[in-house]
Structures are given as C-alpha cells and as structure tokens.
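Database features, via Swiss-Prot:
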- Arg26, Glu87, Lys127, Lys471: (6S)-5-formyl-5,6,7,8-tetrahydrofolate binding site (BINDING)
- 223-394: domain 'TrmE-type G' (DOMAIN)
- Asn233, Thr252, Ile254, Thr257: K(+) binding site (BINDING)
- 233-238, 252-258, 277-280, 347-350: GTP binding site (BINDING)
- Ser237, Thr258: Mg(2+) binding site (BINDING)
Amino acid sequence: MTSISQTTTIAAQATAPGRGGVGIIRVSGPEAKNVAQAILGKLPEVRKAEYLPFLDCTSTDKTQVLDQGIALYFKAPNSFTGEDVIEFQGHGGPVILDMLLKVILAQPKVIMAKPGEFSEQAFLNDKLDLTQAEAIADLINSSSEQAARSALHSLQGDFSKLVNEMVESIIHLRMYVEAAIDFPEEEIDFLADKKIVTDLKAIISRVEDVRKQAQQGSIIREGMRVVIAGRPNAGKSSLLNALSGKQTAIVTDIAGTTRDVLAEQIHIDGMPLHIIDTAGLRDSDDVVEKIGIERAWQEINQADRVLLMVDASEDHSILEDDQDIKDFYPEFFAKLPEKIGLTLIRNKADVNDAKTGFTEFTDTDGTQHAIITLSAKTGKGVDSLKEHLKTIMGYQGGTEGGFMARRRHLVALENTHQHLLTGLDQLESYVAGEILAEELRICQQELDQITGEFTSDDLLGKIFSSFCIGK
C-alpha cells in the first residue's frame, strides 16, 4: 500500500469525555506546527515534554491563558499517524478542554476529527495494517483480561504475521503453477508434480488452523452464543436463571411454560456469553407454541454451542456403554448441524441425589461428548458448567492469549479455505492448472482484505467509524 498525503489537519479530545485529572487534545496534520506556534507561542522540541501555558490566540491580545500543561511534538513520519502531531495535555475539566479545542479549531485548515480518523491516518500512512487498527478499538472495548491480551497481540502484529505468511505461501505456489502453464513445452509436467499437491495441502492445513484460532478470537471479542435446548420441563429456564444469577425466566411445573426465546448476556471471569433459553421441543398443535419451537430451531442453527438438557431423574439409559447419544434423541440430532458443538446437561440431580460435575461419554463410533450433571434448582454442579464454557471459549488465566478476530476475518478465511479446496479438487481430478491459478489469486485477494492490502473504501469507512473520537 502506498502512503497517502494528508492535506487536512484534524483535532479532537483523545481522552474519555467527562471530568478527570488529565485531559488530552491531539492535533495531527500539516498545520500541527502552526497550531503549536499559535497556542504555545513556540514549537516544542521533538519528543521532549515541555510545561507551557496554553494561550487563547483568538483573544484580542492573544495572551490570555486558557490552561497550562504538557505539550508534546512528534515530527512526521515518526508519530502514531505518520503526520506531524502535537498533543496538549492539560487539566481534565470538560469546560477547559472545550475552550481549548474551540481555539484549535479556529485555526486555518483545522477540522474536527471523525471517529477513528487518527487511526485511519495511521493506516493510510502504513503505520498500521487494518487488523492492528481494529485491535486498537478492541483493546479499548475489551471486557476481560483475556480479551485485552488478545487485542494487544493483534495490535503487536501476531494476526497480521500469520496472514502475511499464508499470503507468501500462496504467492510462491502461484508462481510455480503459472510457470507450469506458461511453459507447457517443458519436458517435465510441473502440474503433475507432487510438490504442488503437497504444498497446496500444507497451505490448506495452515488456513484451517488459523481459521480455528480466529474463531476463538471472534468468540472472545463478540461473545459465544449458547442455546439451551431440550424437551419441555427439562429445566431450561431454571438453568438460564442459575447462569444469569437472576430470575430472568418464569419457572413452573407446567410443561411448555416458555413459548418464546429469552436471552441474557452474562460474563464468566470477564468472558462474554449470550445465553438463550428456548421453547421445549416437541410436536404441538398449539399455534403459539409451534411458533416458539420454530424460533428455537432458528436459534439452535445460529449457536456456537448447544446445551441439550435432559431430565436426569428420568433418563438414565443414555449413559450405558452400548448406547449412542444420538440414539437417545434421534429427531433432535437429525436436525442439528454437524458444525455446532454440543454439551449434554443432565439436570435435576437433586431429585435422586446424583453425583454432579463433568464427565465424558464415548459413543460406539469413538466420538466423545461432554456431559455435565447438575441441579439448576439448587445450583449444585453449575460451577462445573461455567468452567466447561470457559474452556470452550479458550479462556486462559495466565499471561498468554491468542489474537482478536472479527466476523469479516472469519468470512475471508472461510472463503480462502473453500477456494483452496476447489483448486485442489480441480488439480487432482482434471490437472486444471488455469483454474488452480485463478483460485489461488482469489485466495490471495481474500487474505489481503484482512490486513487491508486490498480493501474497498466502503469497508474502511465502516471499520473506522466504529472507533471513538480521538483514536
């Protein structure tokens, strides 16, 4: 990406609105030096903090003092934005900051910064790539230590490095494939060379690995959608109340009490979860209940995880060695998308004093399933479920963490994965080098969108407009 010259100077408050001990106003652009001369009466030394009065240069004698504080000057290109930057660090009173900002905006060719415009300047001047710019907003908005660590890793370039490595591998393979197409007269059939297939499969494996990491990063950022499903009167609403810590749902002994979707956002050790209670799944002639069941399946199909609840006081056979979980509820598993993870919740452990906690059950085909026995009524065993959900989300209590990812990153990685699989199929089935080369070109374009090497102006506007002003 080439650096884009900025002709406009922007200014905004860089600290949060409201009262505080310190308030910072940032100015970036070619007029920053003139603003410093007008407000400070001098241009501070580069990267040297100076304690100076902030003058109202719009007053009659131009010497009226608005505030006094620290002034910092960063000379282009060695600044956050890549432009000349001056920061005024004064007292954090809203009135004082508004007065100072008004004087700054009165200077020629200085305008109010839009949300995210400082970060956009940094991106356009190659100081940050797009994932790093997004990580700034994610770091500010992080709701847990895990999210903050992941956002910081993205800001430091961990995600970008993985993407760039995949792009380099694809470019290298493209060169090899296109050379084979351009020089068909060579005695060696390069397209039939096992090296191409081997390298292509290695890239596919790498993309799949990064995609899984990105899915974890997306869950940490956006929260995991957990849907509680099961037959009527299994205790789904009681579990929602137990997880949320409040009486969100009405609980009765009457089967079918819940007829619509109930949602509650909770945090477990700072990790965001969207818990969704649904109507009991059964055949029904009741029009309202049927609508509720349809909505339940809509939520199940959009879930990151499904908690399938059963009544442990009634259903014992599902844990026998010769049973499969799918045999227990075949009509449910027949409709459940394979990509959605499932945890079996055996509720009402208090009825027969069953042992609570986490166990694993292995189907006859070797598939392992997580099973948690609990009592939503007494709360016993609910902590085991919370720990299980944390594990699924990739919670790490130490100082390590993955990287932050957004929905658009997942889409680009999924598209890349699908195009690579198409290219592999065309190569193995038809030795179709031209199609493989085109699929590789599309893959490179998809990955370049993640870091911003190839990005539409509309996407940039959408991304940076979600930032706070001053960033």
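Quick reminder: no glycine exception, Cβ is built from N, Cα and C everywhere.
Not a single one of the binding-site residues Asn233, Lys236, Ser237, Ala279, Lys348 has a C-alpha within 10 angstroms of the C-alpha of Lys127 ((6S)-5-formyl-5,6,7,8-tetrahydrofolate binding site). Taken together, the residues of the domain 'TrmE-type G' (223-394) have an average pLDDT of 83.
Across the fold, the C-alpha of Ser237 (Mg(2+) binding site) and the C-alpha of Ala279 (GTP binding site) stand 9 Å from each other. In this structure, the CA atom of Asn233 (K(+) binding site) is 10 Å away from the CA atom of Ala279 (GTP binding site).
Cα-Cα distance from Glu87 ((6S)-5-formyl-5,6,7,8-tetrahydrofolate binding site) to Lys348 (GTP binding site): 61 Å (rounded to the nearest whole number).
Most Cβ neighbours within 10 Å, among the binding-site residues Arg26, Lys127, Lys236: Lys236 holds that distinction in the structure as shown.
When each of the binding-site residues Asn233, Ser237 is scored by how many other Cβ atoms sit within 10 Å of its Cβ, Asn233 comes out lowest.
Mapped onto three states, the DSSP output places Lys236 (GTP binding site) in helix.
Annotated pair Lys236 (GTP binding site) and Arg26 ((6S)-5-formyl-5,6,7,8-tetrahydrofolate binding site), C-alpha to C-alpha distance, rounded: 51 Å. DSSP assigns Glu87 ((6S)-5-formyl-5,6,7,8-tetrahydrofolate binding site) to a strand in the three-state reduction. With a 10 A radius on its CB, Glu87 ((6S)-5-formyl-5,6,7,8-tetrahydrofolate binding site) counts 22 other CB atoms from all the protein chains. Each of the binding-site residues Ala279, Lys348 was scored by the other Cβ atoms within 10 Å of its Cβ; the lowest score goes to Lys348.
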